Structure formats: structure tokens, C-alpha cells
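Remarks on the structure that follows.
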Amino acid sequence: MEERPETELISIPATPRASTPEILTPSGQRSPRGAAKEAGSGTAKSWTPTSFISPRFLSPIGTPMKRVLINMKGYLEEVGHLTKLNPQDAWLPITESRNGNAHYAAFHNLNAGVGFQALVLPVAFSFLGWSWGIISLFIAYFWQLYTLWILVQLHEAVPGKRYNRYVELAQAAFGERLGVWLALFPTVYLSAGTATALILVGGETMKLFFQIVCGPLCSSNPLTTVEWYLVFTSLCIVLSQLPNLNSIAGLSLVGAVTAITYSTMVWVLSVSQQRPPSLSYEPLSLPTLTASVFSVLNALGIIAFAFRGHNLVLEIQATMPSTFKKPAHVPMWRGAKVAYVFIAMCLFPVAIGGYWACGNLMPSGGILNALFAFHSHDIPRGLLAMPFLLVVFNCLSSFQIYSMPVFDSFEAGYTSRTNRPCSIWVRSGFRVFYGFVSLLIGVALPFLSSLAGLLGGLTLPVTFAYPCFMWVLIKKPIKYSFNWYFNWILGWLGIAFSLAFSIGGIWSMVNSGLKLKFFKPN
């Protein structure tokens, strides 16, 4: 019998292998590639359990055996890199559903990244002026975009582990105790504090919308501001009954569309109207040097607070399936890039257009307050009311995504004690309780929504500092390299700015006598 050439055996293609179905991994977790090369290091690929199954190894083996080994290699690559599953993840709102995609990521990031805080950016410009205001806004935007990329990459940085929550990643980087101490307060403060501020802003905006629409036809006994807070909170509680983070993707889409729409409307309406005659673009001057310095720090804190949402990045990425060949960071980064293009299209025109329209006459409540105060008689009532209605819809949507980490914490505590998932009544009870507690805090602290500078200072490390430290501690770049220096410097600058902006925010709060309101009609 004539002997078959060896090359013929090698040239036969392997039968296409069906990838492991996602249902086999309900949490969608995986281990990232362990054989990644150091950037620029030129070192050889590290050994893996399947590295011996190579064409050189397979060349003397017959075709059926070769096909089996190749299929086995693909199976090991797909299954052998899966993360150790935590059964509790399937019971919690953030990780209960793993069918997210790039579209969901774009909706969630845009809903979390644009909100009422964008409307007070012109207030910061009134203290910083044109040059420093624009420079600060550009630096903050690209800085937070870099730290967003870091968080997306670190989601699966350690083999066999997905960091589904910001606190989990902090614990991996800083240690169990220190990570909780550093990350728990600012992330909870961002989630719960933002939810409380949204109740205040949403309730007050509903009141103003009612006044604009009704005009002189309003009843003699209109609802008080606190009663409007209660109405808004009730709507938030009804919408919060959606079970998990993926289930609110539709609400995030509504929040994203309304944010883009009202951001565009307020700056277009502002620049299309006649400017006040006494307008000036000189930064506001205060009687003492100390007061001027603290006002500038508070203004920078307002800009920092405009870029919130990093406490939700890992949670959003945790809703996506992830396999060895299709890691979750690919659709997450694709959606985040689209979202932050739209965020820039919202924030920069509002800041620049609002300051151009009002200059240093900008009220402390921001551009929407200025629109109501200066042009309520020049703009048709229906057109003026539309941005206020869109702000209400956006606040309702944003409340859901910012409250989801708190709901997740409540249910994690319950499931860890009872070792069973929350029933629908327990889950509803948690969310009703949280909604009314946020309402009580908002009523007790009605000035909370005006403290954008203080909120920005206290929560700044979550966005600008901690991700840089985490990158160095987890990825361990070469010591004294550019990457090492760059991240350490950015991290410590973020901490220094956090302290300075917090001091400026406290000074602004005390100096104003706690009398500021977000929307204060004249």
C-alpha cells in the first residue's frame, strides 16, 4: 500500500466547533487571557494547558485523532477559562440578567452621565471665566474618559474573577478592609445622595412645570413643594419595581433621549434670546482673596460633579455575557464611547452657550433657572414648559440606575443571611423603604441639590483618583516607567483636588447660609 504523505494529514481542516452555549454559564463569567504579553516586552507567550496541542504535535497523528484533539483544545479554551461562579449572583439585581450588549451599555452610560448636574455648569464658568472654564472642562472630560477605560479593562483583570461592583475592585486593589473604607462611602454617597437630589430636583421641576402650564388658571390651593416631592417619589417607587439592571434598559433609553433633548433645548433657547443689558464675562470678584480662591475651588468642584457615573461602570459591564473569545469589555467600551460622544455634545454646549447668554448674571440654580427668570415672558408657554417636563422624565430614569447598587446591597444582605433569593414582596419592600427614606432625607436637607461643588469634591476620587491607583496595583506596570509615573501622579492629583474642592464646597455652603435652591423662581 502506498504511504500517504504527511503534509496531506496536516492540510485537512478541522471540523468547525460549536462554541459553548451561554446557558452553561448563567453568570456569564470568564477568566481573561492569562497569556497576554507585557506591552513592549517582547517576551514569549506563557504556557497554557492546551499549548501542547499544536500543528507540530499533531502532524504525525491520523486525521480522526487530530480532529478530536483540536476540538478538545477549543473546548478547553472556552470552558477552562471560566470564572468560578457565585450562585448568589443569580439572585441579585445587578448580576441577575447577563444578556446586556453594547446598546444597553450606551443607554445606561448616557443616562448616568448626563443629568441635572450639567445645568449648573454655566455657574462654574461665571467664577472661572472663558479660558479657565473651557480648559477645566476639557481636562476633566478627557481625564474621566481615561479612568473609564481603566475600569472597563480591570473588570476582568484577574484570572478567574469578574469584578461586578466598584467596591469589589477596590478590595482587590487596596485590600479587603481598606478597599471597603475607601470606596464604600463615596459610592454609596454618589448613589443614595444623587437619588435624594433627584427627588428634590424632580419635585421642584414638576411644581414649576405645573405653574408654567396652568399660569393664572391654577387653583387657589396648589400643592406645596413637599407634596410635589411626595408625588415624584411615588412615581420613582412604581418604576423601581423593575427587577434588575437589564430590565431598566428601556428607561435608560428614555433618560438618554430626554437628557440630550432638554440639554439642546435650554442652550438653544438661551442663545436665541436677547442677552441681559448689564451682562459681563468678567469672572465674579469677591471682596477678599480667600473668598475668591474658595469660590474658584467650588466652581472646579461643580465641573468635577458633572462627570459622575463611574461608580456604575462595573455594574453595567457585569450585565453582559463574557466568554474567552468574546470578552465583555469589547461591547462595553464600544457602547461607552458612543455614550460619551453624546455626553460631550450635551455638556459643552450647555456650559459655553449658557455662559454666553447670561455671563456672570447666571443664577446659582443654573441655566434652566436663568431661562425661567430672564425669558419666561419672551418664550411661548408650551415651548418653555417642554424642557421642564423632559427634566422630570430624565430624573425619573436616572433615579432607577443610581438606586440599583443600593437595591443590590439590600438584597445581598438578605440572600447571604437566608441563603435564598428575595421574594417579590421582600424586593418591593426594600425599594419602597429606600424611596421614602430618600424623601425624608431630602425634606430634612432641602439644600442638598445646591451643593454640586461639595458633592463633586467628596466623590471625585471615585472618578479621577481610585482607578489610576487600581491600575498600578493590579496591572503592576514596570516600576518608574511612564505608565507607572503617569497613573500615580494622576491619582494623587485627584486626591488633592478632592480635598481642595470639598473645602471650597463647604465654604460656599456656609457662605450662602444654606439658602440655595436648585430652581428658585423669581
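Note that the numbers count up from 1, one per residue, in the order the chain is shown.
Cβ coordinates are placed from backbone N, Cα and C, and glycine is handled just like the others.
Note that TrEMBL annotation is computational and uncurated.
Worth saying up front: this structure is predicted, and the values here are computed from it rather than measured.
The feature region 'Disordered' is assigned by TrEMBL to 1-47.
If you look up TrEMBL, you'll see 99-510 marked as domain 'Amino acid transporter transmembrane'.
Remote same-chain partners of the transmembrane segment (119-143), defined as residues 6 or more beyond its termini with a Cβ less than 8 Å from a stretch Cβ, comprise 266, 281-284, 295-296, 298-300, 302-304, 306-307, 344, 347-348, 350-352, 354-355, 358-368, 370, 452, 464, 490, 518. What TrEMBL records for 119-143 (among others) is transmembrane segment.
TrEMBL lists 178-201 (among others) with the feature transmembrane segment. Within its own chain, the transmembrane segment (178-201) is flanked in space by residues 115-116, 166-167, 169-172, 229, 232-233, 236, 308, 311, 391, 395, 398-399, 402-403, 405-406, 409, 434, 438-439, 441-442, 445-446, 448-449, 455, 458-459, 461-462, 466, 518-519, which lie at least six positions past its ends and keep a Cβ under 8 Å from the stretch.
What TrEMBL records for 248-269 (among others) is transmembrane segment. If you look at the transmembrane segment (248-269), the same-chain residues 6 or more away from its ends with a CB under 8 A from one of its CBs are 100, 103-104, 106-108, 110-111, 114-115, 118-119, 239, 242, 339, 342, 345-347, 349-350, 353-354, 357, 367-368, 371, 375, 379, 383-384, 386-387, 390-391, 393-394, 396-398, 400-401, 404.
Beyond the ends of the transmembrane segment (289-307), by six or more residues, the same chain brings 113, 117-118, 120-121, 123-128, 133, 136-137, 140-141, 144, 347, 452-457, 459-460, 463-464, 497, 500-505, 507-508, 511 to within a C-beta distance below 8 angstroms of the stretch. Annotation comment: TrEMBL describes 289-307 (among others) as transmembrane segment.
If you look up TrEMBL, you'll see 338-362 (among others) marked as transmembrane segment.
The annotation transmembrane segment is assigned in TrEMBL to 382-403 (among others).
Long-range contacts of the transmembrane segment (424-445) within its own chain (CB-CB distance under 8 A, at least 6 residues past either end) are made by residues 192, 195-197, 199-200, 203, 226, 229-230, 233, 236-237, 240-241, 243, 403, 406-407, 410-411, 414. Annotation source TrEMBL lists transmembrane segment at 424-445 (among others).
Annotation source TrEMBL lists transmembrane segment at 451-473 (among others).
What TrEMBL lists as transmembrane segment is 485-510 (among others). Taking Cβ pairs closer than 8 Å, the transmembrane segment (485-510) reaches residues 143, 146, 291, 293-301, 304, 447, 451-458, 460-461, 463-466, 468-469, 471-472, 477 in its own chain, all 6 or more past its ends.
Through the fold, the transmembrane segment (382-403) approaches residues 108, 111-112, 114-116, 190-192, 194-195, 198-199, 201-202, 205-206, 208-209, 212-213, 232, 235-236, 239-240, 242, 245, 248, 251-252, 254-256, 258-259, 261-262, 265-266, 269, 312, 368, 371-372, 375-376, 431, 434 of its own chain, all at least 6 residues removed from its boundaries and within a Cβ separation under 8 Å.
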